[in-house]
Each structure stands twice: as structure tokens, then as C-alpha cells.
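Engineer: Below you'll find the structure I mean.
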Amino acid sequence: LSSAWYLDRIEIADPDTGFRYHFICEKWLAIDEGDKMLSREIYASENTSHHLSSVCQITTYRINVITSDKFGSGTNGKVYIIIFGELNNTGKISLVTSKTNKDPFEKGHKDLFEIETIDIGQPKKIIIGHDESGFASDWLLERVEIDIPKLGHTWIFPCGKRIRKTTNNVQAEVELYPIEMSTGIKTSYVPYEIKVYTSKLSGAGTDANVYIQIYGLKKSTDQVMLRNTTDRQGKFYMGSIDTFIHELEDVGDSIEKIRIGHDNHGFDTAWHLDRVEIRRLIKGQKTKRYVFRCNCWLAKDKDDGSIVRELIPENFIEEKFIKKYLVDVYTGDKSGSSTDANVFLTIYGDKNDTDEHELKYSQTNKNKFERNQIDRFIIENNDLGNIYKLKIRHDNSGMLADWFLEKIEIKDEKQTYIFNCKQWLAMDKNDSKLERIFYEKKYQDLMNGTKSVSHTTEKFIPYIVKIKTGEASDAGTSANVFIRLIGSKDRQTPMMRLEVTHRRYFEPGKIETFPLQELDIGDIEMVEIEHNGNTLADSWFLDSVIVEMPTKGRTFYFVCNDWLSKCKGDGKTKRILKVQGLNNISVRPLLPYVVKIYTGHMENAGCDCDVSLRLFGMLGSSSEYMIRKQGGNFEQSAVDMFQCEFEDVGKPIKLRVAIFPKSIHGRNHWYLEKIQLIKHAKQNINEETYSFVLNNWIGHGTDYYFDIPYYINQCDSLISNGIVQYEIVVVTSDLQNAGTTQHGWIIIEGNKNRSEKFLMKNTVHQRILQRGQTNTFTFGCQPLGELRRIILGHQEQHEHLFKTHEDDGTMWHVSHITITDLSTGIKYEFPVQQWITINNDGDIFDYMNNREYFNTQEHLRRVIKYKIIVHKGYASGASTDTDVSIILYGTLGNTDSVILKKNNQNLFELDGVDEYVIECSELGKLTKLHVEHHKSMLSSECFLDQIEIINMNTNEKVLFPCKQNFGTQYNDHEIQRDLLPIYTS
């Protein structure tokens with residue numbers, strides 16, 4: 001039988017005070033699971049709902065025990081240690097499982113033990129000993145080294161004598177003191193909270209071993225495993241949010257990027273990562289939450305085949321101080337009042353609201369929710385402001401689920417909020433409700449004169465709110481969304497949070513439905529809707545809102561069709577929408593159109609796909625209209641005409657064009673120039689033509705659909721002062737020292753006008769124009785007409801300069817610039833591929849059409865030489881007489897499979913170093929190296945230490961460490977591996 005034990009927690013109740021103490025473990029006690037410890041010391045946690053509050057009280061100790069290398073030095077006894085510090089002592093700790101040796105405390109062994117226990121401050125002395133069990137228990141201990149990463153120091157305790165019982169020593173133990181000169185300063189460590197969001201796509205989860213590395217301005221942490229073979233259970237499932245606490249090297253206040261990946265080991269390794277959020281947990285300080293958006297696969301057989309990603313933060317959010325709320329739940333004094341069900345609570349304030357909390361651990365009673373009992377719970381959250389509402393429910397589980405709730409009191413440091421209930425939450429009593437919403441007893445006074453109506457005399461009625469999110473892949477949001485309904489004569493509801501059930505965010509193209517119970521405010525004239533997101537990832541494109549009043553048979557429509565985002569559109573996260581007066585409209589009429597589709601003149605522009613169209617307008621969106629591929633449709637330079645009908649969507653906003661491949665072997669990409677929709681003429685009214693211009697590929701390295709904005713006459717797109725908006729996308733090259741710490745600037749010339757100088761400012765808080773970075777800017781100016789050229793410059797900033805280890809900021813290498821006229825949707829490409837010197841008059845670059853641009857990009861990939869240096873380590877049988885091949889991957893492409901041979905001699909026949917030179921198109925920054933040997937001979941086992949790659953044009957050196965065997969008789973039986981780079985120059 002298995003003796004392994006996973007301990008969740010221990011609860012101890014004081015019978016005199018009724019107070020309960022919680023000791024959170026959440027670890028294995030087993031010799032073959034986790035860290036293989038059989039005993040643990042656990043310290044009381046103040047807050048059971050967030051065990052992180054106890055994390056900062058616990059410290060990691062790395063104890064190295066060095067046994068002498070003299071004959072007979074080892075021991076079979078059970079060894080223990082007590083560490084005494086300036087604040088406390090650890091108590092007796094058994095040293096059972098060495099991380100370095102299977103059989104610890106043998107002659108010449110250095111055994112490492114990692115323990116987590118209470119913070120004792122700096123060590124002052126230790127007592128170490130054994131129980132003299134087993135044969136030959138006398139132990140010659142050389143020294144003990146104790147490393148405390150949190151303090152950044154190592155203390156050395158010399159011994160140099162045998163530990164055994166004597167006439168003077170009743171116990172086989174010694175007392176040791178640290179030597180002063182041994183304390184070496186090392187890098188300090190801090191706890192990091194790492195929250196990993198796995199996407200909700202089908203098959204998004206992984207059972208591979210996941211790792212992460214965090215980079216600051218000047219240093220990085222070691223690579224740390226987030227899940228390994230001993231901790232696979234319940235992590236990285238589809239849609240899961242997994243939180244980890246790791247004490248890592250402090251990389252500083254600013255996190256520049258992370259590297260996250262997995263080892264591709266397991267049955268189902270493909271993983272779609274949505275995002276990662278990271279916080280430094282510094283006690284008593286505000287923390288920053290960094291958001292790293294990924295939204296792509298880490299899989300060998302999906303996307304680009306990469307299983308590791310480097311992500312930069314989209315933004316950081318300054319975390320607010322956490323407040324503690326005491327929640328007292330009063331169960332009524334009626335027969336059968338108690339419940340065994342699981343109870344859940346949500347609290348609403350005028351500043352914020354909590355997520356739903358399960359009331360799991362009562363601070364006052366072991367058996368919670370018993371008759372005539374008061375149970376206290378602690379909830380920690382950002383400041384809620386004045387609390388005015390709560391929602392409570394139970395799941396009807398257990399033998400006795402019915403519950404009579406008397407009231408709930410919520411206390412913060414200022415006041416007590418009282419919510420009277422005096423009702424059953426039961427399926428077979430009264431109104432059979434398991435969920436109730438209550439307003440605070442003094443709610444009207446707390447709102448301090450706001451125009452929300454009083455609920456004391458007026459009745460509540462049901463509302464059904466339907467929210468439609470836009471169709472684009474980035475239209476959804478995981479931010480908290482709030483809505484206020486505004487009726488006639490300034491009657492309105494409070495701001496209410498819309499909680500998405502069964503999912504964690506508003507998904508693109510979905511309609512979410514929210515039943516609400518609020519005061520009757522009459523006919524709804526406006527809605528106020530907002531979210532609390534601050535980052536690019538929180539951006540939300542709201543299509544429309546529908547509010548139904550089922551008891552009155554009334555429906556109100558509100559159209560938005562705009563971003564709620566601090567990073568997109570006009571930068572606003574709140575909208576006030578007016579009713580559209582569509583209450584009597586049930587079915588929208590169908591309108592006839594002629595569709596003219598223009599396929600581009602590019603080589604291979606045609607496709608073998610079906611095409612679908614969906615029209616979006618001010619009144620909503622149409623049904624999808626499918627056009628089947630027949631004959632010569634959608635071929636290069638063709639103009640195809642069709643007749644179709646779309647529902648009346650009002651003024652057009654955009655057209656969604658999608659292609660549907662018929663076979664994986666067909667032409668599954670299409671160069672679309674534009675589409676025209678011609679609305680048939682009505683009586684005495686001229687026909688209307690709507691143009692949607694793309695001039696781009698669909699399905700050629702992109703998604704299989706595009707949302708194309710309506711091509712409006714330039715005069716229609718101007719804002720009131722005659723300004724046109726232009727979007728500028730600047731791509732800095734991925735070359736060594738390509739980035740800059742100074743300002744960039746650009747002037748745009750068209751056939752009608754020339755813009756002023758637009759400055760792209762680099763600041764300490766917003767670093768742009770860095771190596772390999774893509775930056776997007778928007779600015780307005782007088783209409784320029786068709787763009788002809790740009791003048792690109794680089795000037796020194798007068799503010800405080802910041803520098804990185806990569807560049808001095810005085811040179812800047814730009815790859816290319818794309819400018820989009822937002823009034824027409826036309827894109828203009830300007831290949832640069834040039835160093836921009838500082839403080840000059842600028843360099844001129846001409847517009848290049850799509851075909852010229854494509855040909856130029858191919859031409860710019862030079863053919864260069866790479867030197868490959870293979871380091872083979874020595875191991876028994878570590879040679880092979882079979883073929884060994886590699887594939888190099890970079891940001892600009894990858895090589896074919898290259899067999900490494902020299903003078904017809906196979907690689908790995910002997911240990912040592914071999915050099916090879918290959919010639920291929922420039923790969924850019926190297927991201928991965930695939931190496932494998934083709935098992936065909938009897939002697940086909942080998943050991944690879946590392947491979948070094950040198951770009952012979954730039955002398956840039958990249959190491960790909962391996963330090964593993966290849967072959968069926970070694971370790972994991974692999975004959976191929978993917979190696980990740982370490983840049984050394």
C-alpha cells in the first residue's frame with residue numbers, strides 16, 4: 001500500500017475563545033512525491049482564503065552538509081539540525097532526503113537539503129546530531145553551509161570532528177558557530193507570484209513540464225519549473241488559471257520580458273497560452289502586476305512549431321492596498337435553519353466589488369451555518385468604498401441543504417454594514433430561491449445624495465441585459481464590466497457589475513445575457529457602461545446592448561460599435577449610449593446588392609476557396625452570405641460580380657471577408673484588392689456604392705478572415721477641424737545594437753501636402769524603438785493625399801538617459817515602416833533597412849507597392865555563412881557512426897535539415913570539438929536549434945555537451961547547451977532534441 005500523503009491543511013480551534021487557527025500545507029509528505037520530505041513545520045495563516053499572507057513569513061534555507069572524505073567518516077544514523085537565529089529558532093528538523101545523493105552522509109558526500117520554515121533572521125549557531133541508529137553510526141562531519149536566498153548570504157559552520165555519544169555528551173550532537181569571514185554577499189531573492197492563464201480553445205491544455213525565466217533591466221532569474229513530473233496534477237488545463245509562488249533572484253522593480261516554454265514531454269504536449277501575470281510580493285509595499293499577452297500555441301505541430309516564447313509586458317497595473325473585511329453570518333433560530341450546503345457571497349461597493357467567495361472556513365465554529373449561530377469569515381479585497389449590496393447563494397448540496405438566513409453584517413475599519421434577510425434559501429420553502437440579493441439597511445444615506453432611487457417604498461422588477469461583443473479576435477475583455485440603467489426624470493439604478501457565468505471573460509462575437517433585479521425606473525433612455533481595465537489586453541469592442549423588461553413587454557436597443565479601451569480608439573473605457581427607438585422593430589428587411597470582387601494582380605493571387613461575406617452597420621450585422629468557388633472565380637486580376645441580399649444594417653461600418661479552403665493541398669491564400677457593394681436603386685433615388693479596400697493577402701501568413709472598414713470619401717472622414725488620422729507602425733531591426741534610447745522622428749509627404757515633424761519619444765517609463773520591437777503611433781494632420789515618401793530621423797533627448805547592455809542609443813537600425821491612412825484604410829509600405837544616425841537632417845525613403853515590397857523583402861535576406869562548433873562530452877559509449885543533422889531557426893526563417901559531415905566522416909565518432917561552415921539565407925536572431933541523429937547502425941549512442949553558432953558576418957556568438965545523451969539506452973531514449981539559445985555577444 002502507498003504511504004504517500006498529500007496534506008491540504010490542519011485546523012485547530014480554541015474552545016475558550018472559539019477562534020480557529022489554520023495551518024496551510026498543500027504539499028506531499030512522501031519519499032516519492034514532491035520534495036520527498038516526510039515531515040514539515042507549518043505556521044499559522046492569518047487568512048485562509050488567501051494563503052499568500054503567510055508566504056512572506058516563511059523563508060527557504062539551503063543546507064549543505066559536507067561529510068569528511070576520510071575512511072569511516074559516514075553514518076547510517078538519522079541526522080537532525082536546529083538553527084538558532086536572532087529572532088527565533090527552527091526547532092528540530094530531520095534531514096531525510098538529500099537533493100544530491102540517494103544515500104546521504106557517506107564518505108566525501110556533499111548533501112543538499114532545502115527546507116521552508118519560519119524566518120529566524122541571521123543564523124547565530126546550530127546544533128546538529130544523529131540518533132546513533134544503524135551500523136557504524138559514528139560520523140566525521142567536516143562542515144555545514146547554510147544559504148538563505150532571501151538574505152543573500154551563506155553562513156559556514158566548521159566542525160572537523162566526530163559526532164558520537166561520550167561521557168560528556170549525552171546526545172550524539174555538537175553545537176557549531178559560524179566563522180565571520182565566511183559570509184559571502186550574493187544576490188537577494190524575493191517572492192514572485194506567477195499567474196498563468198491557459199486559453200479556452202479546444203485542446204489548449206498541456207501535460208508537458210512548463211518552465212519560466214524572468215528578465216529585468218540588467219539581470220534575470222534562473223529557469224524555474226512551474227510544473228514537473230512530481231507536480232502534474234490539476235495544472236494547465238483548458239481555461240485554467242494556475243498561480244505559483246517562487247522565491248527567485250530579484251531582477252529589480254522593472255520586469256522587461258519573460259521566457260516561458262515547456263519540454264514537449266508527455267502524451268498531449270501542445271499548449272495554447274493566453275497570458276501570464278507576474279507580481280513581486282514585497283511586504284508593506286504597493287506592487288505592480290505585469291501582464292504578458294501571448295495568445296498563441298507552444299507546440300511542435302502548430303503555428304511556427306516553437307515550444308518557447310519570449311514575451312514583453314503590454315503594461316503594468318499599480319496594485320492597490322488590500323483591505324480586510326469581517327463578514328458575520330447569522331443563521332436563524334427556526335427548526336431546520338442550518339445548512340450543509342456550500343455557501344457563496346459577492347459584495348458590491350460604489351468603488352469596486354469582490355469576486356464570488358465561497359464561505360469555506362469559519363473563524364468561530366467548526367460546524368458552520370448551524371441554528372442560531374454566528375459564523376465569521378475574513379475576505380481581503382481592494383477597497384470597495386461604501387458597501388451597498390450583496391449577493392448570497394448556496395449550491396443545494398448535502399443532506400440538509402435548506403437554510404434560514406437571519407442577516408449578514410460586514411465590517412471594515414470605519415463602520416458596519418447591515419443586510420437583513422429573514423428568509424429561507426431553499427428549494428421547497430417560500431419562493432424556492434437559492435440565491436438572494438440584499439441592499440444595505442442605510443443604503444440611501446450612504447450614497448450621499450446620488451440620483452439612484454430609494455428602494456424603501458418602490459418595488460423591484462426583473463431586467464434582462466444582453467451584451468454583444470465585437471467579432472474581431474481581439475475584441476473580448478477579461479476586465480470587470482459595469483452597467484447603469486438610466487430612466488426618465490433622472491431615475492437610475494446603481495452601477496452594477498455584469499458577471500459572466502461559466503467563462504472568465506466577454507468573448508469575441510458572443511452575446512452574454514444577465515438577469516438583474518432592480519428598481520422600476522420607467523422606460524430606459526440611456527445606459528452607462530464601463531470596465532476597469534488599464535492594459536491593451538483589457539481593450540473591449542462593444543457592439544451593442546439590449547435591455548428587456550419582461551414584466552412590461554418592453555425592449556430597448558443601444559448601439560455602440562466602438563472600443564472601450566485606454567489603448568485603442570479615443571482612450572475611453574466608459575460610454576453613455578442613447579436608446580435607438582427600435583422597440584417596434586422585430587424583423588429587419590432584406591436589401592438587394594450587387595457584389596463586385598476585385599482579385600489582385602500579384603503573382604499567385606487567386607485561390608481555390610469558398611468566400612463568405614458579412615456586413616456590419618450602425619443597426620447590427622447581417623447574416624453570413626456564402627459564395628462558392630466555381631470555374632474562374634477569384635483568379636488573378638479577375639473582377640467577379642454576384643447578386644445577393646443582406647439584412648438592413650443601417651450605415652455600413654465594415655465588411656467581414658473570410659475564405660474556406662476546400663483542401664489542404666489547394667491554393668489556400670488569396671490576394672484581395674477590394675470589394676464593392678452596390679445597393680439597388682430605389683424609386684427616384686440613385687444607387688449607392690460602398691467600397692471596402694484591402695490590398696492584402698487573406699490566409700497567407702494571416703488569419704483566414706479580415707474585417708475591412710468602409711472606404712469613405714476622404715472629406716467624410718475628417719473630424720471637425722479638417723484633420724485626418726494616420727497610423728504609423730515602426731519596426732526596429734533585430735540586429736545587435738539596433739535599438740535606441742533617444743527620440744525618433746518622421747515627416748510624411750503626399751501628393752497634396754507635407755506633415756509636420758512627428759516625434760516618437762523615448763522615456764524612462766516607456767521604452768520604445770528597442771531591438772526587434774514593433775511600435776505603433778497615431779497622429780493627425782491636414783490631408784496628405786496619396787503618400788509618396790517619408791523623411792526619417794533620430795535626435796538626442798535632453799531628459800535623463802537610460803541605457804541597456806546592448807546599445808549606447810546613438811545609432812538606430814530600422815527594418816521598415818508601414819503607414820495607414822485611417823480615412824481610407826490604405827496601407828503604404830516604406831522599406832528602410834538602414835542605420836539612422838543621430839542629430840542629422842533625416843533620410844528619405846520612397847513608398848513601395850505591395851509587389852515591390854514583397855520582392856525587396858526576399859532580396860534583403862542575404863546569403864551568409866554560419867560557423868557551427870560542436871562540443872562532444874566524454875561518456876561511456878558516447879560516440880556514433882550514424883548521420884547527425886541540425887535545423888537552425890531564426891526570426892527571419894529557418895534552414896533545411898543539414899547533415900554534419902567533414903571529409904565524409906560522421907559526427908560524434910570521437911569526443912572533442914568539430915567545426916563546420918554552412919551557407920544559407922540570413923536567419924535573423926536565432927531562436928532554436930533542432931539536432932537529431934538517425935539511428936541506423938549498431939553503434940548509435942552519443943553525448944552532446946553544447947553547440948556554438950557564430951554568424952561570420954557579424955561575429956555574433958550563440959550557445960545552445962545540451963549536456964545530454966542521445967540514444968535508446970540513455971535517460972529518456974531521445975535521438976532528437978530542441979535546444980534553446982544563450983547569447984554571449
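Yeah, the Cβs are placed from backbone N, Cα and C, and that goes for glycine too.
Taken from TrEMBL, the feature domain 'PLAT' applies to 1-43, 59-177, 190-312, 323-439, 461-578, 591-712, 724-850, 864-980.
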Engineer: Give, as a single whole number between 0 and 100, the mean pLDDT over the domain 'PLAT' (461-578).
Structural biologist: 84
Engineer: Cβ pairs under 8 Å only, please: of the recorded stretches 323-439, 591-712, 724-850, which one is richest in them relative to the domain 'PLAT' (461-578)?
Structural biologist: 591-712
Engineer: Using DSSP, tally how many residues of the domain 'PLAT' (190-312) sit in helix, strand and coil.
Structural biologist: 0 helix, 63 strand, 60 coil
Engineer: Work out, from DSSP, the number of helix, strand and coil residues along the domain 'PLAT' (461-578).
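Structural biologist: The composition, in the requested order, is 6 helix, 65 strand, 47 coil.
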